[in-house]
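K.L.:
One structure, as structure tokens, below. Some questions next.
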Amino acid sequence: MAESFMLSGPVLVFFAYLSGRRRLTAIGWSYAVAIWVSLWAIASLVRVWPTLATGHITPIIIAITNVIAASSAWDSRLWLREHPHVQPYRYYLWWSLFWASLIGIAGAHNLGLAWLMVEFSTLTSGALIIEVGDRQALEAAWKYILIASVGLILGLIGIVFLYASLKYQNIGWSTLNYTNLHANFYRIAPIVRTVATLFVVCGFGTKAGLVPFHTWLPDAHSKAPSPVSGLLSGVLLGLALFTVRRFVAAVPTARGVWMSGDHLLTAFGTLSVVVGSLALFVQRDIKRLLAYSSVEQIGLIAIALGIGTPASVTVALLQFALHGVIKSGLFYGAGHLSIQYQTNRLNKITGLLTRSPGLAIAWALGVLALAGLPPLGLAYSEWLIFRQLWQHHAYLVVAVAALSLTLTFAALTYHLIRTLWQDIDADPAAAEFGQEVG
Amino acid sequence: MNDLGLLLLVSAMALLWSRNMQYAVWFLATQGAVLSIMVWTSTPLTPISALVAVATLGVKGVLIPGLIHRIMRTWPARFRQDYPLPLWAYGLAAGLVLSVGHVIHLLGPTALIQNALLFFYALSSIHLGFVMIVARRHLLSQLVSLVAIENALVVLAVSVAGSLPTFVELGMLIDVGIAATLMVWMSHRIHHELKTTDVIALRRLRG
């Protein structure tokens, strides 16, 4: 019930837009939406406070979603001012629907509803990418909608198998409630559970950006409007993973099965951490750099969820929250940097410290936090993940993930140093560019 | 019911085989009509099941094929033709269809499958859709294959569960309707900007 109430926030924005879009100017709408979403974020924070001790993660996930949505709404105001060719009314229409789909995923207690909401989030965020309007955005949106939809269809096959196994209950779509699935999972044949787990993990894993299903992610996240990239990277990827976690907890596979949900999460998570960290070195686009960092971070969350204990889920939640706040902020910053420098190319975005000291300090803090530098937030949650892994004797995963995080630190600091200090006078082309812009 | 399933498989094969996108539109409309009849007849008729059947016909039999037809009509004839299917695609399609027998054999003891023949038609159609999505190069072919896979999935649900929950069926219809509308619109924009309908042209974003 409380989740439905939370959903009314974006729905009201949507209908307010439809009924009164001519009554306010675009700037007026920007402020109205940002204030409304902020109020909603405060309401969800107030609501989450009494539930913190109970260990219910749904209100916490909804609160994180609303807080990052509020920051996205405020940044949308600036982003739209920087991109006058984008139609603000249409932007807010899709944005409110996207926000609704995120709350829908976060609050869904039913696997079928979660699937519908994840698919809906693909379409609404895809439409927002199209709104950017250039050729590369079209390409990114096409790949995103196609690959994510195909992945989700795989997930739906698994859901159909589960539903068919429990159809005899004759309780309609409540069959797919997580509580019902958990109460009756032993009535589902072990092979059907294993096949369904494989399909659901791969299907939702596509949406979560787990390697090897991640191919759409760098394109979509780098070409989306920056406030939307923040929501995509900071919220949606994690929500898809928590949906997988809810399913895996509700429908455990038979003991000793190699392809259990936990094993799949750990395997895909480790692969994502490795691929994400290696890819960081060769990135030339500032937003693609952040997108690949998301692949790596989502891999870490998947590893934590794959441990499967209440403590590891709490650690994953902490990682999700910290990554969401840091990554969304960095995406907003990257959007403004690319406007300031008139390019997304990392080799052109240099000398930031002399050019804009305030932005440079904020950017540096964000990138260092993302790199896992203590005492900034992610260092703590990553340490807790490693401690969980160690306690569960997953030494190989510890070794691989530790090496990957070292590479991540090296890659991100390398790019950060170039952004802050690289002397553009040393590069004639960059100097010429700097004079033109200046 | 099995005859309808066979019709779905035949139309899926025709979609894979045909290079002419105008024919593809008709095959897709046929699938929409087949699905609608299947939804109508698979459960006892109630106002809700009738609504789902009519909505299925509206979205999958009329709206999506209609949108594709309307957008293609504005393009020169050469853009209504897909490239020839590569040879490996035929081999892959045959292999995947043959593997369905093994899947049925594997799931046999679980009593999951209510109608093995319908299951065979549906899973084969899903496989053909996947082959089409990786082997076809026309933008609209990819959209058509996505919708065809989704159609086959509904039949798969009928073969194992009789039907899907109404909420999920209606939700899927809304999702596929929006997805198709967006993709048709994108196809039009891509054709307008790139003067091509070949997905190979979408390769600027790499690395």
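In case you wondered, yes, glycine gets a Cβ from its N, Cα and C as well.
According to TrEMBL, the domain 'NADH:quinone oxidoreductase/Mrp antiporter transmembrane' annotation covers A:108-404. Sequence annotations record features per position, and here TrEMBL assigns transmembrane segment to A:24-43, A:49-70, A:91-108, A:144-165, A:185-206, A:227-244, A:264-282, A:360-381, A:393-414.
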K.L.:
With Cβ-Cβ distances below 8 Å as the criterion, list the same-chain residues six or more beyond the ends of the transmembrane segment (A:24-43) that contact it, or say none.
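P.N.:
Result: 6, 9, 12-13, 16-17, 63, 66-67, 69-70, 72-74, 76-77, 80, 88-89, 92, 95-96, 99.
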K.L.:
Are there residues at least six beyond either end of the transmembrane segment (A:144-165) with Cβ under 8 Å to its Cβ atoms? List them, or say none.
P.N.:
111-112, 115, 118-119, 122-123, 125-126, 129, 175-176, 181, 187-189, 192, 195-200, 202-207, 213, 215-216, 219-220, 251
K.L.:
May I ask you to check whether the transmembrane segment (A:91-108) and the transmembrane segment (A:360-381) make contact, with contact taken as at least three Cβ pairs under 8 Å and only pairs 6 or more apart in sequence counted?
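P.N.:
Contact between the transmembrane segment (A:91-108) and the transmembrane segment (A:360-381): absent.
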K.L.:
Counting only pairs 6 or more apart in sequence, are there at least 3 Cβ pairs under 8 Å between the transmembrane segment (A:49-70) and the transmembrane segment (A:393-414)?
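P.N.:
Between the transmembrane segment (A:49-70) and the transmembrane segment (A:393-414), contact is absent.
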K.L.:
Six or more residues out from either end of the transmembrane segment (A:185-206), which same-chain residues have a Cβ under 8 Å from its Cβ atoms?
P.N.:
111, 118, 147-148, 150-159, 161-162, 165-166, 213, 216, 240-241, 243-244, 247-248, 250-254, 257, 259-261, 264-265, 268
K.L.:
So which residues does the transmembrane segment (A:227-244) touch in its own chain, when a touch means Cβ under 8 Å and the partner is 6 or more beyond its ends?
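P.N.:
Non-local partners: 57, 61, 64-65, 68-69, 71-73, 75-76, 79, 95, 98-99, 102, 105-106, 108, 111, 114, 118, 121, 125, 128-129, 200-201, 204-205, 207-210, 217, 220-221, 261, 265, 287, 290-291, 294, 298, 301-302, 305, 316, 320, 323-325, 327-329, 331-332, 334-335.
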